[in-house]
């Protein structure tokens, strides 16, 4: 039996989750929400995280019915993400690991999403579409790496949606992307927009109008191309934008046409959370990985394919 606690705070979500051998014991989370028309600044976001992280830590332990001595390993988000929030969470995780005398593990945020998706959906070896505020990648596993087959060459899809929401003053509560999705359901007219797929990569920076359908079509196209390259019959959508039901619907149509299967999760696990860091940390810890204190820094740029995946065959 191995129990891992995970700390996530790479953007405007702060969460602490606990995993025991594939079971989510707790996963409390808070979101820093700014007024309509405004984004979230790193310093303000870090201040929010500092104010609530110890409360969330207590909630996670209480909900799981555990004490510090029950924890086997402390995992935290090493990157990628916003510098100040990442530092805030890393400092708390390092302190907790030393106070509790537990090993520490720095986790790649993107791999946290993938491993949480694999755990919840039971997808075996899927082509992964990772879509969030800061990242847009099509990923497949091969030879101990999560290989990036395609990605955005400018801004991420979530960032594009967020910027669009700010331009037209859509509320940030509970999230800009969710509110755009609800408004799009009432739409009746498709507006032709720039459709920029360059090989396996996409470009979103020029699209700041009625955008949802075109963005998602581009993502479905490059995901299908990666599936064909890998001979894959599974798609797993992860990341905060992965909650979008229209994206899931469009990807589902493509999968059905190919005789493939679509896997996705709901907002509990696709939006940034502590349990996903705990799950990736659980996999890493069980395969013998630890992070020494002197190596427990953070990095805003930490690519998915930099990590050796020692826990998969």
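Just so you know, glycine gets a Cβ as well, placed from its N, Cα and C.
The annotation divalent metal cation binding site is assigned in TrEMBL to 109, 113, 130, 272. Taking the Cβ of residue 109 (divalent metal cation binding site) as reference, residues of its chain lying under 8 Å away and at least six apart in sequence are, in sequence order, 8, 10, 77, 78, 79, 80, 81, 272, 277, 302.
Residues or ranges marked as substrate binding site by TrEMBL: 130, 131, 132, 133, 134, 162, 177, 181, 244.
According to TrEMBL, the feature domain 'Gcp-like' maps to 29-278. Summarised as a single figure, the pLDDT of the domain 'Gcp-like' (29-278) averages 95.
The Cβ of residue 130 (divalent metal cation binding site) has 27 neighbouring Cβ atoms from other residues within 10 Å, across all protein chains displayed.
For residue 244 (substrate binding site) paired with residue 113 (divalent metal cation binding site), the C-alpha to C-alpha distance reads 16 Å. Cβ neighbour counts within 10 Å, taken over all protein chains shown, single out 177 as the most crowded of the binding-site residues 134, 177. Long-range neighbours of residue 113 (divalent metal cation binding site) (same chain, six or more residues apart, CB within less than 8 Å of its CB): 130, 132, 238, 239, 270, 276.
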